[in-house]
Structure formats: structure tokens, C-alpha cells
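Heads up: the structure comes next, in C-alpha cells.
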Amino acid sequence: MGKLEVIAHPLIQHKLSILRRTDTSTKAFRELVDEIAMLMGYEVLRDLPLEDVEIETPITKTIQKQIAGKKLAIVPILRAGIGMVDGLLSLVPAAKVGHIGMYRDEETLKPVEYLVKLPEDIDQRQIFVVDPMLATGGSAILAVDSLKKRGASHITFVCLVSAPEGVKALQEAHPDVDIFTAALDDHLNDHGYIVPGLGDAGDRLFGTK
């Protein structure tokens with residue numbers, strides 16, 4: 001079973017509390033999502049392999065460490081996942097970015113896929129799927145399904161807020177996928193929203209209804 005890690009760093013929790021507030025502006029919400037994603041990146045990327053490299057300082061030659069030549073890809077689930085991309089890219093700027101577009105049918109609560117645009121060598125990359133919320137788990141499962149159909153095997157899911165129902169569903173569907181979240185909330189309401197949650201992340205990111 002893939003691991004579930006709740007990143008409880010004080011800075012992340014402080015910023016997440018502001019993110020949740022109803023009176024947080026679109027501008028502030030967007031900035032906070034970016035900042036939290038970057039802060040989470042330190043833990044999400046903790047296990048990247050290192051290799052020795054010889055460098056020359058102003059004083060002498062020395063053997064130091066650098067990230068090994070592991071190919072990375074960040075794949076946001078559109079549209080809200082876009083808000084997390086730059087924060088992670090600031091840490092690993094050489095990573096490629098793919099896109100998986102989905103919308104949720106408000107009657108069935110099921111995700112509908114409308115776009116898949118990925119690097120050609122996605123099957124060779126370590127992939128970080130990003131979406132601010134893991135609610136029912138439907139979108140996350142469908143995104144991982146799409147990636148695995150294209151040969152991907154090393155996949156991690158990164159979100160800001162999650163519900164126990166979504167975590168359980170993703171773990172059952174894809175037990176090899178690790179999940180990183182800034183918060184594990186209480187439950188889903190009758191409309192499939194996370195409680196206490198933060199509302200509709202896409203609408204709050206882009207100022208839409």
C-alpha cells in the first residue's frame with residue numbers, strides 16, 4: 001500500500017488556515033496555493049536520488065551531491081491543479097509539465113476526462129499528479145488510470161486538502177501511489193465537497209462561479 005503523508009509543517013498549516021477562509025481574496029488564494037505547493041515540495045521530493053559529482057570551488061576541487069538524472073513530470077488535473085504547478089517547478093525547474101483535463105458531472109459526481117496532453121516519454125518519468133483537493137477520489141483515480149495506460153509506473157499524488165473517502169478510494173484503486181496532503185479533513189457532504197474544506201478550488205483560484 002502506498003503511504004499517506006500529512007505534512008504538518010507550521011508554515012503550511014498557517015497558510016492553509018488563511019486559504020480556507022471565505023474572505024480570502026482571489027489574488028491571495030492564488031498566491032497561497034503556490035506557496036503551499038512549494039513548501040510541500042520539500043517533503044514530496046525528499047526521496048529523489050542523489051549522485052556524486054566533482055565540482056571546483058574557488059578553493060579546491062571536491063566531490064559533492066546533485067540530484068541524479070531522474071526525469072520528472074508534474075501533471076496538474078485541470079483546472080485547479082494549475083495553481084500548484086509553479087510552486088513545484090520553482091524547486092525542480094527542469095521537470096516537464098503535462099495536463100489532464102477533467103470536469104465533474106454535478107449530478108453523478110463522476111469525473112469526465114476531456115484532455116490528456118503529456119510528455120512523449122511519460123513512461124520514463126517520475127510523475128507528480130497535483131490537484132488542490134482529493135474529495136471523492138474519482139478525478140485522481142481517472143488521472144492515474146490515464147497515466148498508467150500510457151506506461152507510467154512511478155506516480156505520486158499531491159493535494160492540499162483531502163477527505164478520508166477520497167484517500168480510501170485512491171488507495172484501493174491504486175495501492176502503489178503515494179499520497180501527500182497538507183490536511184486530512186473530516187468527511188464529504190451530500191454534494192461531494194470536503195468538510196470543512198476550502199470550497200471550490202478552481203472557482204477561488206480563477207475568480208469564477
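Backbone N, Cα and C atoms are what each Cβ position is placed from, and that goes for glycine too.
Here is what Swiss-Prot records for this protein:
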BINDING   ARG79, ARG104, ASP131, PRO132, MET133, LEU134, ALA135, THR136, GLY137, GLY138, SER139, ASP200  5-phospho-alpha-D-ribose 1-diphosphate binding site
BINDING   ILE194, GLY199, ASP200, ALA201  uracil binding site
Cα-Cα, SER139 (5-phospho-alpha-D-ribose 1-diphosphate binding site) versus ILE194 (uracil binding site), nearest Å, comes out at 14
Counting only residues outside ILE194, GLY199, ASP200, ALA201 in the same chain, those with C-beta within 8 angstroms of the uracil site's C-beta centroid are PRO132, MET133, VAL161, TYR193, GLY197, LEU198, GLY202, ASP203, ARG204
Close to ALA135 (5-phospho-alpha-D-ribose 1-diphosphate binding site), taking Cα pairs within 10 Å and only the binding-site residues ILE194, GLY199, ASP200, ALA201, are ILE194
Mapped onto three states, the DSSP assignment of ILE194 (uracil binding site) reads strand
Cα of ALA201 (uracil binding site) to Cα of ASP131 (5-phospho-alpha-D-ribose 1-diphosphate binding site), in Å and rounded, measures 9
In whole Å, the longest Cα-Cα distance within the recorded 5-phospho-alpha-D-ribose 1-diphosphate binders ARG79, ARG104, ASP131, PRO132, MET133, LEU134, ALA135, THR136, GLY137, GLY138, SER139, ASP200 is 17
